[in-house]
Amino acid sequence: MIRIGSNLIKQSIKNTNKSGISRFFTTGSNNSTNYKPESCVKEEPKGKSVNVEDLKDQEIIALVDKGEIQPHNLETRLPNNFQRAVHIRRKLLARDLQKEHQRALHAQAVVAAAEKAATSGEDPSSIQPVVPPTSNLDFEGSLTNLPVDHFDYTKVLGACCENVIGYIPIPVGVAGPILLDGKLVSIPMATTEGCLVASTHRGAKAITKSGGAKTVLLQSGMTRAPVCRLPSSIRAGELKQWIENQENFYQVASAFNSTSRFARLKSIKVVIAGRLVYLRFKSSTGDAMGMNMVSKGVEKALEVITEYFPEMEVLSLSGNVCTDKKPSSINWLEGRGKSVVAEAVISGDIVRDVLKTTVEALVSLNIDKNLIGSAMAGSIGGFNAHASNIVTALYIATGQDPAQNVESSNCITLMESINGGKDLYISVTMPSIEVGTVGGGTHLPAQSACLDLLKIRGANLERPGANSEQLARVVAAAVLSGELSLMSALAAGHLVRSHLKHNRKTEAPAPQADTISMTHNLPHSD
């Protein structure tokens, strides 16, 4: 009997695939079975094309169903109304969700009927699976809380996102201002983690009251490392020697630099594994983060190298020695993007009155937690308390690639007692901050506003690269603030209490103090 039930299910699925609605399908209304989307499209006169923008939404949906318009191409077919294209795509999604829900209910009903036949001994064909009506389910309404209006989608197409159905509003807070290199700077942070902005603000306040933070840019250069294959390791070694010849490097650099006004090749590091060769190109990129710019230059450079090594196979433009969006020792040791150090001296009075702890406690905890603890965990570039928290919040606010927080959050936090143990010296060293003030999401209105807040939107025409360098300095200073504040909270035992205040819904009563464990409600990175 179980076999019969299984056959019943298979036949139902077969019928569903044929017609979209199984012959076993029963609902409160069968009007949907008579609907044919293509019936709402007027017959197109011969020799005359239809302007899609003149059609009604349902007529456009019918063309999608017929395969004449691809859902991801709605914006190109509605070039004067991208917002309408997004609305139509939402309707398509809601309808598809409705259909899938109906199919799921039908499958459940078929299984229930088969099980009933198996246990009762009845003839399976005499049992009609009954599916409850789904007309009361509003899948389009379920998208109501995903905003769609009041957004300029012309800035998204071909740049930021595909198959757009709306956008996500994220709260943006401001920390500071912090006195950075002699100027007051406010720090925009987009986050959903309560206490993060407040904590960073406290750190910025302590730094500013103590005379401010200073930064130094150690190096700047985006990297891309294609992987190539030679016939043998001997030829791979010869390629390495060829590239390391200064005259040959200049020839490759000339080809690389010809692809952009801003790209200037600085170095090529050659890494060999057997007969595989990884060529890590490093280039300046102006005010752009520069991944696309460097990739374009690499393609041109490889053409020159191939002239001298025609047997070389380029397996991939990226061979993971770059390294992008993945933890790696090479970024930690040699840098990628901007390498920045931010430092400050915090007076003992500020440590006591603002941070509510002591210099001795901070220095000791930093060694035990950020240095020894991270070493015991085998961390690569993670010798800090929560650098990625601040990096990600700043990246989202300013239109950076949030996924690059992986390498951009590489950071070692150091603390020392100075002036006879009276004051605190703190620094963060961040070798791979990947940022830009042009390209990516930096041109979106909200993100542009945050860059305006920092006075670094767009390209710096007087000194190309200056704006992106300043953004990297701001990132480092913000991380310095966040590290100082969180480490102080941990040293003073305030972490749980601060999160209970800032990281809970206001309508929810706070738990009694004696029921809170010390591990409850810790931040995502502590």
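Every residue, even glycine, has its Cβ placed from backbone N, Cα and C.
Residues or ranges marked as active site, charge relay system by Swiss-Prot on the basis of similarity to another entry: GLU193 (among others). In the three-state DSSP scheme, GLU193 (active site, charge relay system) is classed as coil.
Under DSSP, LYS325 (active site, charge relay system) is assigned to coil, being neither helix nor strand in the three-state scheme. Per Swiss-Prot, the feature active site, charge relay system maps to LYS325 (among others); the stated evidence is similarity to another entry.
Within 10 Å of the Cβ of ASP401 (active site, charge relay system) there are 19 other Cβ atoms, across all protein chains. According to its DSSP assignment, ASP401 (active site, charge relay system) is coil. Among the features that Swiss-Prot reports, active site, charge relay system is placed at ASP401 (among others).
Feature annotation from Swiss-Prot assigns active site, proton donor to HIS499; the stated evidence is sequence analysis.
Residues annotated as region 'Disordered' in Swiss-Prot: 503-526.
The feature compositional bias 'Polar residues' is assigned by Swiss-Prot to 514-526.
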Cα-to-Cα gap, GLU193 (active site, charge relay system) vs ASP401 (active site, charge relay system), nearest whole Å: 19
Cα-to-Cα gap, LYS325 (active site, charge relay system) vs ASP401 (active site, charge relay system), nearest whole Å: 10
